[in-house]
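I have placed the structure first, in the form of structure tokens, so that the comments after it can refer back to it.
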Amino acid sequence: MHNPTPRTESPNALAFIKRFFAAEAAGGLILMAAALAALIVANSPLADSYFAALHTVLAGMSVEHWINDGLMAIFFMLVGLEIKREMLAGQLASWSQRALPGFAALGGMVVPALIYVAFNWGQPETIGGWAIPAATDIAFALGVLSLLGKRVPLSLKIFLSALAILDDLGAVLIIALFYTSDLSIPMLLAALGSIAVLVALNRLGVKKLLPYLLIGALLWFFMLQSGIHATLAGVALALCIPLGKADEEASSPLLHLEEKLHPWVAFAVVPIFGFANAGVSLAGITVDKLVDPVPLGVALGLLIGKQVGIFALAALAIRAGLARLPDGSNWGQLYGVAALCGIGFTMSLFIGALAFPGAPALVDEVKVGVLIGSVFSALLGVVVLRRFGARG
């Protein structure tokens, strides 16, 4: 693949980053509205119609399945495009740039998982959900961050974005390694063949997007049938899209596709996913239910594990001289961003559905834990950033 050398951000690239944050932030606010609407509908007289619609079968799969395996492949494709762009020519282009978000992302995945495991140890039916609190929802987090305006320096927003992208990369690897069902070898070979064709297109210097997208659609089908989660086709396709000239959208297939996908993902795909997956009936939720191992492990993994893991490892890296605070920021702001990373919504709900297939009661417990952990993480992050923002 084409590997441009790290560079100083051009005005075009800076404009692209500003559009990126604007779309993510606005998309995060719409996602909040979609999640709230799902909760209201799921606890209203429309609840039966809501759940019936999600379970309606179209072309052999339920609507919910189409959303989680189909639409979310587009979300994961965008994640893959962001990872590749940042790794080759962006905020993660060198090891020094990767150090702070890298250490932070590692802590933000390991500590929440350990907290979940601590609450679910010895429970084979629930221990498989250990990865649920290990993910950060970049759209939600940036949406909340946008409410604080100029109290938060751009460097912190870039840090949060880089951290979340590495977090997403970790989540993709977790899904591939730990949440893959029984494999169909013929379909897996067909998927690998599709990836080989995509790599060949890249090596041959093909810049037209249509051949990549057509082969990518085949790859999605083969992965769906292979037992590997179909959304990973989006990541594989994205990593094969050529970057070209990273400072010119017109000559960069990757930037062009990323620019086209952003509004669709931010304003359609993710809100639809949120509306389809956040709906949970609260009728049977009691205090006793809230302290069950799954919701407690998920909620505390997000609320406590994220902020402790991210802040502790980031501070360790800074104190050891391996990284430095983002420009114009302070320790309080870094802690506030660490707290915001406890907003796990989209990826946490997604992993929850993979962890407990055929166990709707456990999936509902995951939803409650994710909602509680995410809401309190958002509130804590806002309070801390408002307190320390004037010094940013």
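Placement of Cβ uses the backbone N, Cα and C atoms for every residue, glycine included.
Listed features, source Swiss-Prot:
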TRANSMEM  20-40  transmembrane segment
TRANSMEM  63-83  transmembrane segment
TRANSMEM  99-119  transmembrane segment
TRANSMEM  127-147  transmembrane segment
TRANSMEM  158-178  transmembrane segment
TRANSMEM  181-201  transmembrane segment
TRANSMEM  209-229  transmembrane segment
TRANSMEM  265-285  transmembrane segment
TRANSMEM  298-318  transmembrane segment
TRANSMEM  336-356  transmembrane segment
TRANSMEM  365-385  transmembrane segment
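Panel annotation: around the transmembrane segment (158-178), residues 17, 20-21, 24, 76, 79-80, 82-83, 86, 91-92, 97-98, 100-102, 104-105, 108-109, 131, 134-138, 141-142, 145, 228-229, 231-232, 235, 310, 326, 329, 337, 340-341, 347, 351, 354 of the same chain, lying at least six beyond its termini, place a Cβ under 8 Å from a Cβ of the stretch.
Comparison of 127-147, 181-201, 209-229 by number of C-beta pairs under 8 angstroms to the transmembrane segment (365-385) places 127-147 first. Count of Cβ pairs under 8 Å against the transmembrane segment (209-229): among 63-83, 127-147, 181-201, 265-285, the largest is for 181-201. Within the chain carrying the transmembrane segment (265-285), a Cβ under 8 angstroms from the stretch's Cβ atoms is held by residues 23-24, 26-27, 30-31, 33-35, 37-39, 41-43, 47, 50-51, 54, 63-64, 67-68, 71-72, 74-75, 78, 139, 345-346, 349-350, 353, 364, 367-368, 371, all 6 or more beyond its ends.
Per-stretch counts of Cβ pairs under 8 Å to the transmembrane segment (298-318) identify 99-119 as the leading one among 63-83, 99-119, 127-147, 181-201, 336-356. Of the candidate ranges 63-83, 127-147, 181-201, 336-356, 127-147 contributes the most Cβ pairs within a distance under 8 Å of the transmembrane segment (99-119).
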